[in-house]
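Engineer: Please see the structure below; I have some questions.
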2 protein chains.
Amino acid sequence: MSISFADPATLNHDQLEEGTSFAPRFDAAGLVTVVTVEAGSKDVLMLAHMNAEALALTLETGIAHYWSRSRAKMWKKGETSGETQQVVELRTDCDQDAIVLVVNQTGRGAACHTGRKTCFYRRAAVHDGVATLEDTGLPRLFDPKQVYASKA
Amino acid sequence: MSISFADPATLNHDQLEEGTSFAPRFDAAGLVTVVTVEAGSKDVLMLAHMNAEALALTLETGIAHYWSRSRAKMWKKGETSGETQQVVELRTDCDQDAIVLVVNQTGRGAACHTGRKTCFYRRAAVHDGVATLEDTGLPRLFDPKQVYASKA
């Protein structure tokens, strides 16, 4: 990891929120939350996490890298499925504990492991006081059984 | 809280990812992460969290409610600033631990406490191996000192 970040503990409130130092406020697990948005369509593709190494690798290579919490390892998005993400822009928020990553989604254009373009393919509805989900109808752009089984 | 959700522990993997039960997977602190997006522009306005009560209130009232981690209390967005958010759609992701909330941003159109439209007003750049931030030039739609001081 050759790219370095500032330490948020060295910044005051105004420097953190209005300054030019990139000082990501990693949480107790060493992670920031990342919202990945498709350039052009502006669709929210997925929500994931980065540690300092993943953030540095993403900036260095221009290819999205996350920290997989479920597998507890570095995750070059698309390494198995081929659906890599080319970074267009990386933004942080006022208190620097969140990232918006604007990307070009390569491959078949499916960011979600279910084969859909985005992970957010269901909307909430309320019927008689019970919250339910409705499919928004996004097609599967690949068959997850085939894509993941063949490389398992 | 009158709206109820399913318990994710009662669902199998396929029911969680493909089913119609809304079973938010709240984390150890009882929270899910929420990405708030403006209807129309599709700009990511902010990233915040909801507990079950905030999620239920949001669905019940059609007005965005979050759980403020810093103040450890229910947060009806815009209660102080007047910048409330009207819910257009609420979506969840494949494994139901994240929410995309599509809203109409009311008031002066500023979701961020700094007075800007969105919290993501700085982009990362790398110079000589050091990550820095550049202002994207979003104007302040209100003066935070005035808005928050007058109601403190």
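Even glycines carry a Cβ here, placed using N, Cα and C.
Residues annotated as Mg(2+) binding site in TrEMBL: A:Asp93, A:Asp95, A:Asp97. Here TrEMBL flags A:Cys94, A:Cys112, A:Cys119 as Zn(2+) binding site. Annotation comment: TrEMBL describes A:46-121 as domain 'Phosphoribosyl-AMP cyclohydrolase'.
Tell me about the surroundings of these features in the structure.
Structural biologist: Annotation note: A:Asp97 (Mg(2+) binding site) sits in a coil segment as assigned by DSSP.
A 10 Å cutoff on Cβ-Cβ distances gives A:Cys94 (Zn(2+) binding site) a total of 19 other Cβ atoms nearby, all chains included.
Restricting the average to the domain 'Phosphoribosyl-AMP cyclohydrolase' (A:46-121) gives a pLDDT of 97.
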Engineer: Would you mind reading off the Cα separation of A:Cys119 (Zn(2+) binding site) from A:Asp93 (Mg(2+) binding site), to the nearest angstrom?
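Structural biologist: Checking the Cα atoms of A:Cys119 (Zn(2+) binding site) and A:Asp93 (Mg(2+) binding site) gives a distance of 22 Å.
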Engineer: So, by DSSP, how many helix, strand and coil residues make up the domain 'Phosphoribosyl-AMP cyclohydrolase' (A:46-121)?
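Structural biologist: Once the DSSP states are binned, the domain 'Phosphoribosyl-AMP cyclohydrolase' (A:46-121) shows 10 helix, 30 strand, 36 coil.
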Engineer: In whole Å, how far is A:Cys112 (Zn(2+) binding site) from A:Asp97 (Mg(2+) binding site) when you measure between their Cα atoms?
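Structural biologist: That comes out at 24 Å between the alpha carbons.
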Engineer: Just the number: how many Å between the Cα atoms of A:Asp95 (Mg(2+) binding site) and A:Cys112 (Zn(2+) binding site)?
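Structural biologist: Computed Cα spacing between A:Asp95 (Mg(2+) binding site) and A:Cys112 (Zn(2+) binding site) is 28 Å.
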Engineer: Which residues in the same chain, at least 6 apart in sequence, have a Cβ under 8 Å from the Cβ of A:Cys112 (Zn(2+) binding site)?
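Structural biologist: In sequence order, A:Leu45, A:Met46, A:Thr118, A:Cys119, A:Tyr121 meet the Cβ cut-off.
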Engineer: If you draw a 10 Å sphere around the Cβ of A:Asp95 (Mg(2+) binding site), how many other Cβ atoms fall inside it, taking every protein chain shown into account?
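Structural biologist: Excluding its own Cβ, A:Asp95 (Mg(2+) binding site) sees 15 Cβ atoms within 10 Å.
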